[in-house]
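Have a look at the structure below, then the notes.
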Amino acid sequence: MGSANIIEAMEIMLLAVVSPEIRCEWRLQDWQVALVSTMVFLGFMVCGILSGYLADRYGRWKVVFGGFVWSAYFSLLTSFAPSYGWFIFLRSMVGCGVAGVSQGFVLKTEFIPAKYRAILLPLATVFWMIGSMLIIVLGMLVVPSFGWRWMIRLSVTPSVILLFLFKFIPESARYNVSAGNVQAALETLQKIAKMNHSSLPPGRLVERSEKERGSWRILLSPAFRRTTLLLWYSWFVASFAYYGSVLSSSELLEKNLLCVTDPDPEHLVKHTHPDGLCFCIPFKNNDYQTLLISCLGEVALVPVNICLLNIFGRKLSMTMLQLVAAMLFMLLNICSSMFGFTVLLFLLRALVSMNFSVVYIYTAEVYPTVARSLGMGFCTSFSRIGGMIAPFIAQVLMSQSVVLALGPFAVTCVICALGNFLLPIETRGRALLVRDAINEWAGHCG
(Lines of atoms letter the chains of each structure in order from A and count residues from 1; the text may use other names and numbers.)
(Lines give C-alpha, C1' and ligand atoms only; values in the text may rest on other atoms or scores of the structure.)
Protein backbone atom coordinates (compact mmCIF):
# COMPACT_ATOMS: atom_id res chain seq x y z
CA MET A 1 0.00 0.00 0.00
CA GLY A 2 3.03 2.26 -0.06
CA SER A 3 2.13 2.80 -3.72
CA ALA A 4 -0.84 4.84 -2.52
CA ASN A 5 1.61 7.22 -0.81
CA ILE A 6 3.69 7.49 -3.98
CA ILE A 7 0.71 8.53 -6.10
CA GLU A 8 -0.66 10.93 -3.48
CA ALA A 9 2.74 12.61 -3.10
CA MET A 10 3.20 12.99 -6.86
CA GLU A 11 -0.19 14.61 -7.32
CA ILE A 12 0.35 17.04 -4.43
CA MET A 13 4.00 17.93 -5.15
CA LEU A 14 3.10 18.48 -8.79
CA LEU A 15 1.49 21.75 -7.68
CA ALA A 16 4.80 23.16 -6.46
CA VAL A 17 6.63 22.17 -9.66
CA VAL A 18 4.00 23.31 -12.17
CA SER A 19 3.14 26.67 -10.54
CA PRO A 20 5.90 28.70 -12.26
CA GLU A 21 4.95 27.21 -15.64
CA ILE A 22 1.22 27.93 -15.56
CA ARG A 23 1.90 31.39 -14.12
CA CYS A 24 4.01 32.11 -17.19
CA GLU A 25 1.69 30.50 -19.77
CA TRP A 26 -1.54 32.12 -18.61
CA ARG A 27 -0.08 35.28 -16.99
CA LEU A 28 -1.61 34.43 -13.64
CA GLN A 29 -1.75 36.67 -10.58
CA ASP A 30 -0.59 35.31 -7.21
CA TRP A 31 -4.14 34.57 -6.04
CA GLN A 32 -4.87 32.62 -9.22
CA VAL A 33 -1.84 30.39 -8.68
CA ALA A 34 -2.90 29.85 -5.06
CA LEU A 35 -6.42 28.96 -6.18
CA VAL A 36 -5.07 25.94 -8.08
CA SER A 37 -3.85 24.32 -4.85
CA THR A 38 -6.99 25.38 -3.03
CA MET A 39 -9.25 23.70 -5.60
CA VAL A 40 -7.26 20.45 -5.32
CA PHE A 41 -7.74 20.43 -1.56
CA LEU A 42 -11.40 21.38 -1.95
CA GLY A 43 -11.93 18.24 -4.03
CA PHE A 44 -10.03 16.26 -1.42
CA MET A 45 -12.12 17.73 1.42
CA VAL A 46 -15.49 17.07 -0.23
CA CYS A 47 -14.60 13.52 -1.24
CA GLY A 48 -12.65 12.74 1.95
CA ILE A 49 -15.79 12.28 4.05
CA LEU A 50 -17.55 10.44 1.22
CA SER A 51 -14.64 8.05 0.68
CA GLY A 52 -14.47 7.36 4.43
CA TYR A 53 -18.17 6.56 4.56
CA LEU A 54 -17.95 4.28 1.52
CA ALA A 55 -14.87 2.52 2.91
CA ASP A 56 -16.66 1.74 6.18
CA ARG A 57 -19.82 0.61 4.40
CA TYR A 58 -18.49 -1.25 1.37
CA GLY A 59 -14.83 -1.97 2.05
CA ARG A 60 -11.40 -0.32 1.96
CA TRP A 61 -10.11 -2.08 -1.15
CA LYS A 62 -12.86 -0.85 -3.48
CA VAL A 63 -12.43 2.79 -2.43
CA VAL A 64 -8.63 2.77 -2.76
CA PHE A 65 -8.76 1.10 -6.19
CA GLY A 66 -11.45 3.51 -7.39
CA GLY A 67 -9.39 6.45 -6.13
CA PHE A 68 -6.39 5.26 -8.14
CA VAL A 69 -8.39 5.03 -11.37
CA TRP A 70 -10.19 8.34 -10.80
CA SER A 71 -7.07 10.37 -9.97
CA ALA A 72 -5.05 8.93 -12.86
CA TYR A 73 -7.83 9.63 -15.38
CA PHE A 74 -8.38 13.25 -14.38
CA SER A 75 -4.66 13.91 -13.97
CA LEU A 76 -4.16 12.84 -17.57
CA LEU A 77 -6.99 15.12 -18.68
CA THR A 78 -5.28 18.02 -16.87
CA SER A 79 -2.41 17.87 -19.35
CA PHE A 80 -4.87 18.76 -22.14
CA ALA A 81 -6.48 21.68 -20.27
CA PRO A 82 -7.08 24.48 -22.84
CA SER A 83 -7.48 27.22 -20.24
CA TYR A 84 -6.91 28.15 -16.62
CA GLY A 85 -10.56 27.47 -15.74
CA TRP A 86 -10.41 23.93 -17.10
CA PHE A 87 -7.09 23.37 -15.34
CA ILE A 88 -8.40 24.16 -11.83
CA PHE A 89 -11.60 22.15 -12.42
CA LEU A 90 -9.69 19.05 -13.51
CA ARG A 91 -7.20 19.38 -10.65
CA SER A 92 -10.10 19.52 -8.18
CA MET A 93 -11.30 16.21 -9.64
CA VAL A 94 -7.81 14.81 -9.12
CA GLY A 95 -8.04 15.89 -5.48
CA CYS A 96 -11.29 13.95 -5.19
CA GLY A 97 -9.57 10.79 -6.41
CA VAL A 98 -6.59 11.26 -4.09
CA ALA A 99 -9.06 11.30 -1.17
CA GLY A 100 -9.96 7.71 -2.03
CA VAL A 101 -6.30 6.74 -2.45
CA SER A 102 -5.55 8.02 1.08
CA GLN A 103 -7.79 5.29 2.53
CA GLY A 104 -4.90 2.96 1.75
CA PHE A 105 -3.40 4.06 5.07
CA VAL A 106 -6.39 2.57 6.92
CA LEU A 107 -6.15 -0.68 4.98
CA LYS A 108 -2.45 -0.90 5.78
CA THR A 109 -2.91 -0.05 9.47
CA GLU A 110 -5.53 -2.76 9.97
CA PHE A 111 -3.05 -5.44 8.93
CA ILE A 112 -0.16 -4.31 11.15
CA PRO A 113 0.05 -5.64 14.75
CA ALA A 114 0.21 -3.04 17.53
CA LYS A 115 3.84 -3.70 18.47
CA TYR A 116 5.05 -3.01 14.91
CA ARG A 117 2.90 0.02 14.05
CA ALA A 118 5.30 2.57 15.59
CA ILE A 119 8.07 1.20 13.33
CA LEU A 120 6.35 0.33 10.06
CA LEU A 121 3.92 3.23 9.72
CA PRO A 122 6.58 5.99 9.99
CA LEU A 123 8.60 4.11 7.36
CA ALA A 124 5.71 4.76 4.96
CA THR A 125 7.16 8.26 4.55
CA VAL A 126 9.82 6.61 2.36
CA PHE A 127 7.13 6.04 -0.27
CA TRP A 128 5.92 9.65 0.04
CA MET A 129 9.51 10.83 -0.47
CA ILE A 130 9.83 8.61 -3.56
CA GLY A 131 6.70 10.16 -5.04
CA SER A 132 7.86 13.70 -4.24
CA MET A 133 11.30 13.11 -5.74
CA LEU A 134 9.87 11.45 -8.85
CA ILE A 135 7.80 14.51 -9.73
CA ILE A 136 10.70 16.89 -9.03
CA VAL A 137 13.07 14.82 -11.21
CA LEU A 138 10.41 14.72 -13.94
CA GLY A 139 10.14 18.49 -13.72
CA MET A 140 13.91 18.88 -13.96
CA LEU A 141 14.25 16.57 -16.98
CA VAL A 142 11.02 17.14 -18.90
CA VAL A 143 9.76 20.69 -18.30
CA PRO A 144 12.71 22.63 -19.84
CA SER A 145 12.57 20.64 -23.09
CA PHE A 146 8.98 19.40 -23.48
CA GLY A 147 6.89 21.58 -21.14
CA TRP A 148 4.67 20.95 -18.13
CA ARG A 149 1.96 19.11 -20.08
CA TRP A 150 4.26 16.22 -20.95
CA MET A 151 5.49 16.13 -17.38
CA ILE A 152 1.92 15.52 -16.17
CA ARG A 153 1.33 12.85 -18.81
CA LEU A 154 4.45 10.97 -17.78
CA SER A 155 3.56 11.36 -14.10
CA VAL A 156 0.42 9.26 -14.67
CA THR A 157 2.52 6.24 -15.70
CA PRO A 158 3.22 4.99 -12.13
CA SER A 159 -0.53 5.04 -11.37
CA VAL A 160 -1.28 2.84 -14.37
CA ILE A 161 1.51 0.39 -13.47
CA LEU A 162 0.53 0.20 -9.80
CA LEU A 163 -3.10 -0.60 -10.65
CA PHE A 164 -1.96 -4.12 -11.58
CA LEU A 165 -0.63 -4.64 -8.04
CA PHE A 166 -4.11 -4.49 -6.58
CA LYS A 167 -4.78 -8.14 -7.36
CA PHE A 168 -2.22 -8.93 -4.64
CA ILE A 169 -3.95 -6.71 -2.05
CA PRO A 170 -6.68 -8.39 0.07
CA GLU A 171 -9.59 -6.63 1.69
CA SER A 172 -9.04 -5.75 5.34
CA ALA A 173 -9.77 -8.76 7.56
CA ARG A 174 -10.90 -6.38 10.30
CA TYR A 175 -13.41 -4.78 7.93
CA ASN A 176 -14.75 -8.17 6.85
CA VAL A 177 -15.24 -9.18 10.48
CA SER A 178 -17.07 -5.95 11.36
CA ALA A 179 -19.24 -6.40 8.24
CA GLY A 180 -20.19 -9.94 9.30
CA ASN A 181 -18.17 -11.60 6.52
CA VAL A 182 -16.17 -13.79 8.90
CA GLN A 183 -15.41 -16.46 6.28
CA ALA A 184 -13.67 -13.95 4.01
CA ALA A 185 -11.64 -12.68 6.97
CA LEU A 186 -10.68 -16.23 7.87
CA GLU A 187 -9.55 -16.96 4.30
CA THR A 188 -7.35 -13.86 4.37
CA LEU A 189 -5.79 -14.89 7.68
CA GLN A 190 -5.18 -18.42 6.38
CA LYS A 191 -3.46 -16.98 3.30
CA ILE A 192 -1.23 -14.83 5.51
CA ALA A 193 -0.37 -17.82 7.70
CA LYS A 194 0.53 -19.86 4.63
CA MET A 195 2.79 -17.11 3.28
CA ASN A 196 4.61 -17.01 6.61
CA HIS A 197 4.90 -20.82 6.83
CA SER A 198 2.78 -20.76 9.95
CA SER A 199 -0.71 -21.83 10.95
CA LEU A 200 -3.69 -20.28 12.68
CA PRO A 201 -4.46 -21.17 16.30
CA PRO A 202 -7.05 -23.95 16.66
CA GLY A 203 -10.70 -22.95 16.95
CA ARG A 204 -12.97 -20.58 15.10
CA LEU A 205 -13.09 -16.80 14.70
CA VAL A 206 -15.93 -15.41 16.79
CA GLU A 207 -17.21 -11.91 16.18
CA ARG A 208 -20.45 -10.00 16.20
CA SER A 209 -21.15 -8.02 13.03
CA GLU A 210 -21.82 -4.32 13.51
CA LYS A 211 -24.79 -2.77 11.73
CA GLU A 212 -23.86 0.78 12.70
CA ARG A 213 -20.82 0.97 10.47
CA GLY A 214 -19.68 4.32 9.11
CA SER A 215 -21.85 6.38 11.49
CA TRP A 216 -20.73 9.90 12.42
CA ARG A 217 -22.50 9.46 15.79
CA ILE A 218 -19.65 7.21 16.93
CA LEU A 219 -17.14 10.00 16.30
CA LEU A 220 -19.11 12.46 18.45
CA SER A 221 -20.17 10.00 21.14
CA PRO A 222 -19.08 10.87 24.71
CA ALA A 223 -16.18 8.43 24.47
CA PHE A 224 -14.66 10.11 21.40
CA ARG A 225 -16.07 13.67 21.28
CA ARG A 226 -13.07 15.52 22.74
CA THR A 227 -10.62 13.36 20.81
CA THR A 228 -12.47 13.99 17.55
CA LEU A 229 -12.63 17.78 17.95
CA LEU A 230 -8.96 18.04 18.92
CA LEU A 231 -7.93 15.74 16.06
CA TRP A 232 -9.80 17.87 13.55
CA TYR A 233 -7.64 20.83 14.57
CA SER A 234 -4.47 18.69 14.69
CA TRP A 235 -5.09 17.55 11.12
CA PHE A 236 -5.81 21.13 10.04
CA VAL A 237 -2.44 22.22 11.48
CA ALA A 238 -0.55 19.19 10.12
CA SER A 239 -1.72 19.95 6.58
CA PHE A 240 -1.42 23.74 6.98
CA ALA A 241 2.18 23.43 8.17
CA TYR A 242 3.22 20.70 5.71
CA TYR A 243 1.88 22.32 2.55
CA GLY A 244 2.90 25.69 3.90
CA SER A 245 6.50 24.46 4.02
CA VAL A 246 6.26 22.93 0.53
CA LEU A 247 4.64 25.95 -1.15
CA SER A 248 6.69 28.50 0.82
CA SER A 249 9.95 26.92 -0.30
CA SER A 250 8.72 26.84 -3.90
CA GLU A 251 7.58 30.47 -3.71
CA LEU A 252 10.74 31.74 -2.02
CA LEU A 253 12.84 30.07 -4.70
CA GLU A 254 10.68 31.06 -7.68
CA LYS A 255 10.31 34.75 -6.69
CA ASN A 256 13.79 34.98 -5.16
CA LEU A 257 12.43 36.38 -1.90
CA LEU A 258 15.15 34.83 0.26
CA CYS A 259 17.48 36.98 2.30
CA VAL A 260 20.62 35.29 0.95
CA THR A 261 24.11 36.54 1.81
CA ASP A 262 25.71 34.85 -1.23
CA PRO A 263 23.09 35.01 -4.03
CA ASP A 264 23.73 33.63 -7.50
CA PRO A 265 22.99 35.96 -10.45
CA GLU A 266 19.83 33.95 -11.20
CA HIS A 267 18.51 34.68 -7.69
CA LEU A 268 18.70 38.43 -8.30
CA VAL A 269 15.75 38.37 -10.72
CA LYS A 270 12.71 39.54 -8.77
CA HIS A 271 9.01 38.81 -9.31
CA THR A 272 7.76 42.31 -8.40
CA HIS A 273 8.93 45.44 -10.23
CA PRO A 274 7.78 49.07 -10.09
CA ASP A 275 6.29 48.76 -13.58
CA GLY A 276 4.53 45.43 -13.02
CA LEU A 277 5.08 41.73 -12.42
CA CYS A 278 7.57 39.38 -14.00
CA PHE A 279 5.44 36.33 -14.74
CA CYS A 280 8.09 34.04 -16.20
CA ILE A 281 10.78 33.05 -13.70
CA PRO A 282 11.21 29.31 -14.30
CA PHE A 283 12.92 27.00 -11.85
CA LYS A 284 16.63 26.59 -12.43
CA ASN A 285 18.54 23.36 -11.78
CA ASN A 286 19.69 24.72 -8.41
CA ASP A 287 16.06 25.27 -7.40
CA TYR A 288 15.11 21.71 -8.32
CA GLN A 289 18.13 20.42 -6.39
CA THR A 290 17.09 22.41 -3.30
CA LEU A 291 13.60 20.90 -3.50
CA LEU A 292 15.11 17.42 -3.86
CA ILE A 293 17.29 17.89 -0.80
CA SER A 294 14.29 19.12 1.21
CA CYS A 295 12.39 15.96 0.19
CA LEU A 296 15.17 13.84 1.65
CA GLY A 297 14.44 15.52 4.95
CA GLU A 298 11.13 13.68 5.08
CA VAL A 299 12.87 10.34 5.66
CA ALA A 300 16.25 11.35 7.08
CA LEU A 301 14.84 11.65 10.59
CA VAL A 302 12.48 8.65 10.44
CA PRO A 303 14.67 6.74 12.98
CA VAL A 304 14.26 9.72 15.33
CA ASN A 305 10.50 9.60 14.78
CA ILE A 306 10.39 5.87 15.58
CA CYS A 307 12.32 6.47 18.81
CA LEU A 308 10.00 9.32 19.81
CA LEU A 309 6.91 7.17 19.24
CA ASN A 310 8.25 4.24 21.24
CA ILE A 311 9.73 6.26 24.09
CA PHE A 312 7.39 9.22 24.52
CA GLY A 313 4.20 7.95 22.87
CA ARG A 314 2.00 9.63 20.27
CA LYS A 315 0.74 12.70 22.19
CA LEU A 316 4.06 13.98 23.48
CA SER A 317 5.74 13.28 20.13
CA MET A 318 3.23 15.50 18.34
CA THR A 319 3.81 18.27 20.89
CA MET A 320 7.61 18.24 20.53
CA LEU A 321 7.51 18.08 16.73
CA GLN A 322 5.06 20.97 16.43
CA LEU A 323 7.03 23.24 18.78
CA VAL A 324 10.32 22.68 16.93
CA ALA A 325 8.56 23.15 13.54
CA ALA A 326 7.21 26.52 14.75
CA MET A 327 10.73 27.61 15.63
CA LEU A 328 12.09 26.56 12.21
CA PHE A 329 9.35 28.47 10.37
CA MET A 330 10.49 31.68 12.05
CA LEU A 331 14.19 30.94 11.43
CA LEU A 332 13.51 31.10 7.66
CA ASN A 333 13.26 34.89 8.12
CA ILE A 334 16.92 35.14 9.11
CA CYS A 335 19.48 36.13 6.48
CA SER A 336 21.81 33.23 5.71
CA SER A 337 23.72 31.56 2.92
CA MET A 338 21.98 29.40 0.35
CA PHE A 339 23.44 26.39 2.13
CA GLY A 340 21.96 27.58 5.42
CA PHE A 341 18.53 27.99 3.82
CA THR A 342 18.75 24.47 2.36
CA VAL A 343 19.59 23.03 5.79
CA LEU A 344 16.69 24.90 7.43
CA LEU A 345 14.31 23.74 4.72
CA PHE A 346 15.60 20.17 5.08
CA LEU A 347 14.92 20.19 8.84
CA LEU A 348 11.53 21.90 8.48
CA ARG A 349 10.30 19.38 5.93
CA ALA A 350 11.53 16.59 8.20
CA LEU A 351 9.66 17.94 11.23
CA VAL A 352 6.33 18.70 9.52
CA SER A 353 6.44 15.34 7.73
CA MET A 354 7.13 13.52 11.00
CA ASN A 355 4.23 15.37 12.65
CA PHE A 356 1.87 14.41 9.81
CA SER A 357 2.97 10.79 10.18
CA VAL A 358 2.30 10.74 13.94
CA VAL A 359 -1.14 12.35 13.48
CA TYR A 360 -1.99 9.70 10.88
CA ILE A 361 -0.90 6.90 13.21
CA TYR A 362 -2.73 8.26 16.25
CA THR A 363 -5.99 8.71 14.31
CA ALA A 364 -5.90 5.20 12.84
CA GLU A 365 -5.24 3.73 16.29
CA VAL A 366 -7.71 5.71 18.37
CA TYR A 367 -10.93 5.00 16.41
CA PRO A 368 -12.74 1.63 16.32
CA THR A 369 -12.90 -0.44 13.14
CA VAL A 370 -16.57 0.36 12.51
CA ALA A 371 -15.77 4.08 12.20
CA ARG A 372 -12.04 4.14 11.45
CA SER A 373 -12.31 5.05 7.77
CA LEU A 374 -15.04 7.62 8.41
CA GLY A 375 -12.98 9.12 11.24
CA MET A 376 -9.99 9.28 8.93
CA GLY A 377 -12.20 10.75 6.20
CA PHE A 378 -13.46 13.55 8.45
CA CYS A 379 -9.93 14.25 9.68
CA THR A 380 -8.43 14.37 6.18
CA SER A 381 -11.24 16.71 5.13
CA PHE A 382 -10.36 19.10 7.93
CA SER A 383 -6.71 18.80 6.96
CA ARG A 384 -7.61 19.93 3.45
CA ILE A 385 -9.08 23.12 4.89
CA GLY A 386 -5.54 23.80 6.07
CA GLY A 387 -4.31 22.86 2.61
CA MET A 388 -6.82 25.27 1.03
CA ILE A 389 -5.71 28.20 3.19
CA ALA A 390 -1.96 27.52 3.02
CA PRO A 391 -1.53 28.61 -0.65
CA PHE A 392 -3.02 32.04 0.02
CA ILE A 393 -0.57 32.52 2.90
CA ALA A 394 2.46 30.97 1.22
CA GLN A 395 1.88 32.25 -2.32
CA VAL A 396 -0.07 35.50 -1.98
CA LEU A 397 0.91 37.01 1.37
CA MET A 398 4.52 35.93 0.82
CA SER A 399 4.89 38.54 -1.91
CA GLN A 400 3.96 41.26 0.59
CA SER A 401 5.96 40.11 3.62
CA VAL A 402 7.94 36.95 4.33
CA VAL A 403 7.58 37.47 8.10
CA LEU A 404 3.79 37.89 7.94
CA ALA A 405 3.51 34.83 5.68
CA LEU A 406 5.56 32.49 7.88
CA GLY A 407 4.10 33.75 11.19
CA PRO A 408 0.68 32.02 10.90
CA PHE A 409 2.33 28.64 10.35
CA ALA A 410 4.40 29.04 13.52
CA VAL A 411 1.49 30.29 15.64
CA THR A 412 -0.90 27.47 14.66
CA CYS A 413 1.81 24.89 15.44
CA VAL A 414 2.29 26.31 18.94
CA ILE A 415 -1.47 26.33 19.66
CA CYS A 416 -1.80 22.75 18.45
CA ALA A 417 1.16 21.64 20.58
CA LEU A 418 -0.59 22.97 23.68
CA GLY A 419 -3.90 21.38 22.65
CA ASN A 420 -2.31 17.93 22.49
CA PHE A 421 -2.18 17.82 26.30
CA LEU A 422 -6.00 17.71 26.29
CA LEU A 423 -6.18 14.50 24.25
CA PRO A 424 -7.64 11.90 26.64
CA ILE A 425 -6.22 8.73 25.04
CA GLU A 426 -2.65 7.56 24.51
CA THR A 427 -2.57 4.77 21.92
CA ARG A 428 1.04 3.55 22.26
CA GLY A 429 0.97 -0.27 22.43
CA ARG A 430 -2.84 -0.40 22.40
CA ALA A 431 -4.71 -2.93 20.24
CA LEU A 432 -7.09 -1.62 17.57
CA LEU A 433 -10.71 -1.43 18.77
CA VAL A 434 -13.67 -2.99 16.97
CA ARG A 435 -16.43 -1.52 19.16
CA ASP A 436 -18.29 -3.27 21.93
CA ALA A 437 -17.15 -6.58 20.49
CA ILE A 438 -14.36 -8.95 21.38
CA ASN A 439 -12.16 -10.81 18.90
CA GLU A 440 -11.34 -14.17 20.34
CA TRP A 441 -10.52 -17.66 19.31
CA ALA A 442 -12.88 -20.19 20.89
CA GLY A 443 -10.27 -22.91 21.10
CA HIS A 444 -10.73 -26.45 22.26
CA CYS A 445 -9.40 -27.04 25.75
CA GLY A 446 -7.29 -30.14 26.02
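Each residue, glycine too, has its Cβ placed from N, Cα and C.
Remember, TrEMBL labels are computer predictions, not curated facts.
According to TrEMBL, the protein carries these features:
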type	residues	note
DOMAIN	1-428	domain 'Major facilitator superfamily (MFS) profile'
TRANSMEM	33-54	transmembrane segment
TRANSMEM	61-80	transmembrane segment
TRANSMEM	119-144	transmembrane segment
TRANSMEM	150-169	transmembrane segment
TRANSMEM	223-243	transmembrane segment
TRANSMEM	291-312	transmembrane segment
TRANSMEM	324-348	transmembrane segment
TRANSMEM	402-423	transmembrane segment
Listed stretch, out of 119-144, 150-169, 402-423, that has the most CB pairs under 8 angstroms to the transmembrane segment (223-243):
402-423
List, by number or range, the same-chain residues at least 6 past the transmembrane segment (119-144) whose CB is under 8 A from its CB atoms?
2-10, 13-14, 17-18, 21, 105, 108-109, 112, 150-151, 154-155, 158, 282-283, 285, 288, 291-292, 295-296, 298-299, 302, 305-306, 309-310, 353-354, 357-358, 360-361, 364
Average the pLDDT scores across the domain 'Major facilitator superfamily (MFS) profile' (1-428) and report the rounded value.
84
